[in-house]
Amino acid sequence: MSSSSRGPGAGARRRRTRCRRCRACVRTECGDCHFCRDMKKFGGPGRMKQSCLLRQCTAPVLPHTAVCLLCGEAGKEDTVEGEEEKFGLSLMECTICNEIVHPGCLKMGKAEGVINAEIPNCWECPRCTQEGRTSKDSGEGPGRRRADNGEEGASLGSGWKLTEEPPLPPPPPRRKGPLSAGPPPEDVPGPPKRKEREAGNEPPTPRKKVKGGRERHLKKKPKPPLASAEGPAVPSPSPQREKLERFKRMCQLLERVPDTSSSSSDSDSDSDSSGTSLSEDEAPGEARNGRRPARGSSGEKENRGGRRAVRPGSGGPLLSWPLGPAPPPRPPQLERHVVRPPPRSPEPDTLPLAAGSDHPLPRAAWLRVFQHLGPRELCICMRVCRTWSRWCYDKRLWPRMDLSRRKSLTPPMLSGVVRRQPRALDLSWTGVSKKQLMWLLNRLQGLQELVLSGCSWLSVSALGSAPLPALRLLDLRWIEDVKDSQLRELLLPPPDTKPGQTESRGRLQGVAELRLAGLELTDASLRLLLRHAPQLSALDLSHCAHVGDPSVHLLTAPTSPLRETLVHLNLAGCHRLTDHCLPLFRRCPRLRRLDLRSCRQLSPEACARLAAAGPPGPFRCPEEKLLLKDS
């Protein structure tokens with residue numbers, strides 16, 4: 001609703017503002033409609049600048065800057081107490097001429113105004129009514145919306161004039177069947193037909209009109225002319241009219257009136273004496289327009305699903321959606337299928353030459369030659385020709401890819417990694433994001449070694465949602481901000497295990513080597529590690545400040561699975577270790593390498609005694625506190 005362009009109350013068309021009281025205004029965004037997806041808060045570009053479809057106000061009010069076109073003052077209805085005085089001092093916007101005036105400022109004699117009961121401060125002004133300027137469909141004004149906000153019995157309907165008569169109850173729905181079925185039963189109540197009123201059988205209802213906006217009463221709007229039997233005469237709608245119709249249909253979808261078929265069917269069964277069923281879908285058209293729609297017409301069938309009404313006394317909601325010409329039927333929804341690109345053509349087995357012949361060496365021989373080249377030389381070979389470029393993408397030529405120490409990873413780099421399918425990937429000390437890492441891991445199902453040392457936990461947390469069935473080595477050294485809670489997310493089994501599953505596998509069940517140097521590990525994290533990573537043969541806990549003698553006792557306890565599988569153990573820089581923990585390492589029969597360097601509280605003499613006795617067989621000490629054993 002907006003105003004025209006002739007003054008302060010009818011300037012350039014202005015938008016109404018939210019009422020901040022209806023159900024749509026007080027709810028939150030849905031996050032699913034196309035307007036929400038465009039918002040920046042939901043990850044969109046923020047170009048549409050539109051509110052959520054479910055938050056579009058159903059009763060917008062005039063802006064606070066609106067003033068009367070005649071006196072130039074704002075609404076002053078709060079300064080008086082009487083209903084008539086308040087109405088005379090409130091601002092009203094005409095739906096035809098778009099002028100905003102005080103009803104008390106108009107001097108139109110006996111002209112009558114028509115109030116829109118659904119939109120606040122909205123009417124058809126007396127001047128437009130006197131001049132005969134009306135909307136194309138008198139049963140509904142432009143921009144009509146619900147005023148009851150979907151609540152039963154919250155409004156008096158729509159389109160009531162200012163007379164003191166209460167609205168007439170809606171007539172009962174007509175019978176189904178041919179036109180020659182006979183007259184309707186006499187015991188069914190209802191107002192007289194329009195033809196009888198026009199013929200003079202019943203005197204018309206007296207009207208009291210508004211004089212200058214000082215008397216406020218209610219009366220029905222004038223009905224549109226009856227449609228002929230051949231079909232209703234529908235005027236061609238204007239673009240503004242079509243826009244308003246689309247808006248009303250959208251509001252109808254947002255706030256549905258509860259189904260009242262049960263109450264209507266009960267009242268129909270009571271009122272129908274001849275036993276024939278009444279169509280309750282036709283009742284809204286009769287109650288609003290005061291006429292029976294033409295039988296068999298297409299307009300009747302199209303309007304059946306869009307209007308609802310309830311007989312008087314059934315307790316249901318009153319009419320609140322005056323629909324114009326029904327929208328055209330929606331096209332059938334086509335089934336959606338995933339369109340995949342065509343498969344790539346097979347790689348050529350020979351190298352075509354410029355002369356038209358093929359090179360005598362086949363593709364297998366060229367690949368054996370390319371295996372002796374490094375990554376830089378392979379990239380140079382890929383620039384020679386298209387055939388070599390396709391051959392050099394073979395994953396046997398790229399067993400390991402090193403992208404360490406790069407500040408950012410571009411999409412072409414990630415696509416190149418996925419295309420080469422390496423078995424080992426080094427992303428240490430890079431700025432890889434969580435989204436990029438998750439994208440990579442979901443496409444590298446054959447990855448066996450993953451190095452993420454020096455990255456942030458925000459990006460490493462992608463390991464908690466990515467499947468890694470072939471992973472054997474995981475390097476998480478010196479990751480920032482890692483606590484017990486983060487390690488618990490990484491070690492625990494995924495929460496989406498099937499119901500009834502008795503044994504759930506953790507994400508690191510198949511990992512054989514785990515590097516956790518520099519992390520703030522506690523004994524609680526070690527217990528989870530022993531439970532959900534039972535196949536570890538190499539464990540790096542160097543420079544972990546919380547690792548001490550109790551941690552060594554957990555690793556070498558009789559119930560620890562690592563007692564029999566541990567081969568390499570790095571505890572360098574763990575300052576809480578003392579000489580009392582050294583005899584515990586004799587419980588690990590397969591231990592071949594034990595690094596205790598930079599442990600301040602360990603004496604060299606105690607380490608020498610352990611090397612001499614050792615687990616089965618003595619150790620040798622190439623460096624102080626470094627114990628090695630030949631296999």
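Placement of Cβ uses the backbone N, Cα and C atoms for every residue, glycine included.
Look at TrEMBL and you will find 12-58 tagged as domain 'CXXC-type'. According to TrEMBL, the feature domain 'PHD-type' maps to 65-131. Here TrEMBL flags 130-357 as region 'Disordered'. Taken from TrEMBL, the feature compositional bias 'Basic and acidic residues' covers 133-149. For 181-191, the entry in TrEMBL reads compositional bias 'Pro residues'. Marked as compositional bias 'Basic residues' by TrEMBL: 206-223. The compositional bias 'Low complexity' annotation in TrEMBL covers 259-278.
Residues of the domain 'CXXC-type' (12-58) grouped by DSSP class, helix first, strand second and coil last, total 15 helix, 1 strand, 31 coil. Residue counts of the domain 'PHD-type' (65-131) by helix, strand and coil are 19 helix, 10 strand, 38 coil (DSSP-based). When pLDDT values are averaged over the domain 'PHD-type' (65-131), the model yields 82.
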